[in-house]
């Protein structure tokens with residue numbers, strides 16, 4: 001046996017003291033293998049104390065026979081051979097682990113990451129702590145090399161993309177080795193590093209997450225885990241969880257379906273819960289529900305970490321989300337679950353399904369709406385008008401997804417409340433919105449209109465008066481309506497073109513407002529430079545991702561405000577937690593927006 005100073009500090013099964021076998025963890029997936037012939041024939045883990053004593057007796061008998069039958073020099077040669085074989089085999093011997101779950105994943109001696117087989121994951125309590133794909137060691141090496149070489153490629157999200165990703169990697173490595181220091185750095189430098197751990201850099205992180213993956217963070221529930229989720233939640237080490245951010249990766253920012261790689265957005269959101277709301281970092285849990293992906297590029301990528309099959313739909317999909325919700329609330333009955341970046345068709349349906357039963361809210365539908373209302377009310381104030389004038393604002397909305405419809409619903413309720421909260425008030429509020437999607441202006445004449453957008457479809461009588469028709473372009477709508485605000489939630493970069501901005505110069509407002517709220521940066525409907533250069537210094541500008549202020553000359557500054565959910569959701573989560581509210585109501589979100 002090598003001297004103690006040269007041996008690794010880990011517990012391995014002794015070959016010559018088999019009586020100690022009973023002290024080891026028999027639940028380990030690594031077999032306990034003996035050295036002498038008797039032990040090799042015996043099934044591992046099967047022998048109790050009696051079998052162990054028999055093995056020792058047998059070994060002693062063989063040893064005495066050898067001494068009697070062999071000459072001293074022959075015995076010496078045999079022992080040397082056995083010693084060499086013993087030392088040679090030492091590196092390949094099975095290891096008994098006294099660790100389970102995250103402790104294994106955080107131990108560089110034993111962690112094999114996504115190379116753990118499904119059997120090993122079950123035996124070691126790792127199921128749900130790793131992405132569902134099992135990859136080979138060579139695939140892990142290929143992923144690392146691809147990540148290393150990616151720094152040499154051109155940026156995809158602006159000229160600083162590679163630089164920002166490099167900063168994210170440095171921060172992530174700090175998070176891996178010293179969480180206290182990581183959050184201290186983030187809290188003390190929140191303005192500088194929020195764009196790194198959250199939008200816009202988190203978009204590039206999600207796009208490249210399979211290559212960036214090093215240490216697992218959070219939990220993964222997949223379509224393969226049906227029937228297992230109730231037990232899987234106990235693989236997470238924390239007995240108390242206050243906040244969960246969950247996504248299915250189907251609509252990450254404005255980047256579309258990124259599958260299992262979307263967990264990056266859940267991690268980034270929870271970093272802000274810790275840094276901005278003071279939530280205990282040991283009591284947060286990012287979650288990915290992997291039900292497949294419709295992203296053909298990911299389906300063909302051998303390094304993709306998720307299920308390489310098309311997304312589940314219909315009741316199969318709902319059953320998986322139901323099982324997840326039941327499992328997490330069974331273990332942590334007081335947890336708050338934030339749904340993030342689900343497709344529009346599921347975002348509204350799941351919100352209505354769970355909101356009266358569980359402590360949950362949807363950040364895209366409700367959070368975006370809340371921060372947009374805050375911005376719209378701020379724009380009224382910036383125009384020098386009293387707040388009661390908000391119901392008179394004419395608002396053109398570009399984008400009819402979950403965020404766009406969520407904003408229109410919430411803003412119309414705010415207007416209606418100011419007007420008396422009756423049927424007439426709701427009808428008046430409805431008439432202040434013009435929604436334009438990829439097919440143009442939404443009217444009641446449209447075939448197969450989205451049920452969520454139907455209440456805001458323009459009526460035929462209104463179209464005649466306005467000189468518009470079904471499917472009218474954004475430029476046409478802006479020219480005819482002369483809106484006070486154009487609100488962009490389309491995820492189409494550059495949608496507010498020069499022609500659209502020129503048309504907004506004829507707005508009936510002295511200070512028209514532009515909300516280019518799509519993320520990440522490349523998906524912003526326009527930049528502040530474009531807005532101020534075309535419309536002039538009077539424009540009120542806000543964007544989803546951060547932009548620098550614009551120097552207008554003569555000492556004047558064009559302010560670039562940021563209208564992002566990050567100014568709302570940490571407070572909603574903290575308020576719900578501290579108040580002990582059992583549900584997250586519309587009134588809570590409305591109050592947060594107005595404050």
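Cβ atoms are placed via backbone N, Cα and C, with glycine included.
Going by TrEMBL, these are the annotated features:
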- 1-31: region 'Disordered' (REGION)
- 8-21: compositional bias 'Basic residues' (COMPBIAS)
- 175-355: domain 'Malic enzyme N-terminal' (DOMAIN)
- 198: active site, proton donor (ACT_SITE)
- 251, 519, 564: (S)-malate binding site (BINDING)
- 269: active site, proton acceptor (ACT_SITE)
- 340, 341, 364: divalent metal cation binding site (BINDING)
- 365-595: domain 'Malic enzyme NAD-binding' (DOMAIN)
Can you tell me the CA-to-CA distance separating residue 341 (divalent metal cation binding site) and residue 251 ((S)-malate binding site), as a whole number of Å? 5
The average per-residue pLDDT within the domain 'Malic enzyme NAD-binding' (365-595) comes out at 91
Counting Cβ atoms within 10 Å of each Cβ, the densest environment among the recorded positions 251, 269 belongs to 269
Can you grab the distance from residue 564 ((S)-malate binding site) over to residue 340 (divalent metal cation binding site)? Cα atoms, rounded to a whole Å. 14
Cα-Cα, whole number of Å: residue 269 (active site, proton acceptor) versus residue 340 (divalent metal cation binding site)? 9
State, in Å as a whole number, the widest CA to CA span among the (S)-malate-binding residues 251, 519, 564 given in the record. 17
Express the distance between the Cα positions of residue 364 (divalent metal cation binding site) and residue 519 ((S)-malate binding site) as a whole number of Å. 12
For residue 198 (active site, proton donor), what residues in its own chain, 6 or more apart in sequence, show a Cβ-Cβ distance under 8 Å? 268, 269, 271, 272, 566
Give me the non-local Cβ neighbours of residue 519 ((S)-malate binding site): same chain, 6+ apart in sequence, Cβ-Cβ under 8 Å, ordered along the sequence. 199, 200, 203, 253, 254, 544, 545, 564
